[in-house]
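Listed in TrEMBL for this protein:
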- 25-48: transmembrane segment (TRANSMEM)
- 41-289: domain 'G-protein coupled receptors family 1 profile' (DOMAIN)
- 60-79: transmembrane segment (TRANSMEM)
- 91-119: transmembrane segment (TRANSMEM)
- 131-150: transmembrane segment (TRANSMEM)
- 162-184: transmembrane segment (TRANSMEM)
- 196-224: transmembrane segment (TRANSMEM)
- 236-259: transmembrane segment (TRANSMEM)
- 271-291: transmembrane segment (TRANSMEM)
Amino acid sequence: SRGTNCTQMVKFSLMGFTDNLELQILLFVAFLVVYLVTLLGNLGIILLIRTNPQLHSPMYYLLGNLALVDLLYSTAVTPKVLADLVMEKPLSYVGCVTQILVFDIFLVTECFLLAAMAYDRYLAVCHPLRYSVLISPRLCVQLVCGSYLTGLLNGIGQTIGMFNLSFCGSVVVNLFFCDISLLISLSSSDSTVSSLIITVSVFLFGVSSGLVVLVSYIAIISAILSIRSAEGKCKAFSTCTSHLTTVSIFYGNGLFVYLKPRSSRPREEDKWVAVLYTMVTPMLNPFIYSLRNQEVKEALRRLRA
């Protein structure tokens, strides 16, 4: 049909940040530095965990996978942004679909890995004596595999949603990557099915993983408050600070992006919020865990020695 042929030939022009050449150069350098630090930081965390027997525990197994996911979903977006800052080139339909698939797989995988890490911290604080029994290596593998599988289901769902949309000519996307919730309003076809898929995904994956984190931390805070000594409270809370910082940044950005009304013309500040969750957050996570975590700092010191 004409609509299908039209869609396959469509080109997506991703709007960058500025037409000012000097500012483009500055942004290119800034985003390149952010991406290189993201690669080095997350690869460093993965290698540190793999090569250090002291870090072969459930918490660090989950952290290693979080670092891998951060690296992958940043890579789904940042190289294209850097290329566009040098020379803008429209993205093909296949390229746009691929970016949606990869990004949405790893975004939801991250949601469930953070939920699994919250559950791990809950067991460590609320059931310290039974911790090693309750969170066995087998359960860790199941939690990680479940996170990737859920991410894959989300990616496939969002891709099906994209296939239900029709486009003609050159589509101007006022964002630096393909975002299906924005493309819906630019489609020339009925977007009811695609909108329903997105709504179901947000509640099924985003809200459910967020609830696991919330319930885990309510139980953790309740357990910490029941500890009598101030030293005990500090020690218990210190095991959660890195994860709580990461969760706050990740879900804070997510709530802003997905719970506010969407339009085909997002404001400029929306682009910078998107920069936070696609580029900056994956860069910050290794630093949050290495600077605030005593075991990671000790592993780094042993590595230097």
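Every residue gets a Cβ built from N, Cα and C, even glycine.
All TrEMBL annotations are machine predictions without curation.
When each of 60-79, 131-150, 196-224 is scored by its Cβ pairs under 8 Å to the transmembrane segment (271-291), the top-ranked stretch turns out to be 60-79.
When each of 25-48, 60-79, 131-150, 162-184, 196-224 is scored by its Cβ pairs under 8 Å to the transmembrane segment (91-119), the top-ranked stretch turns out to be 60-79. Listed by sequence, the residues of this chain that lie at least six past the ends of the transmembrane segment (25-48) yet keep a Cβ under 8 A from its Cβ atoms are 17-18, 55, 63-64, 67-68, 70-71, 74, 78-79, 81-82, 85-86, 279-280, 282-283, 285-287, 289-290, 296, 299-300, 303. Residues 31, 34-35, 38-39, 41-43, 45-46, 49-50, 99, 102-103, 106-107, 109-110, 113-114, 116-117, 120, 137, 140, 143-144, 147, 176-177, 246, 278-279, 281-283, 285-286, 289, 295 of the same chain, all 6+ positions outside the transmembrane segment (60-79), place their C-beta atoms under 8 angstroms from a C-beta of that stretch. With a cut-off of 8 Å between Cβ atoms, the residues of this chain six or more beyond the transmembrane segment (131-150) that come close are 58, 61-62, 65, 105, 108-109, 112-113, 115-116, 119-120, 123-124, 205.
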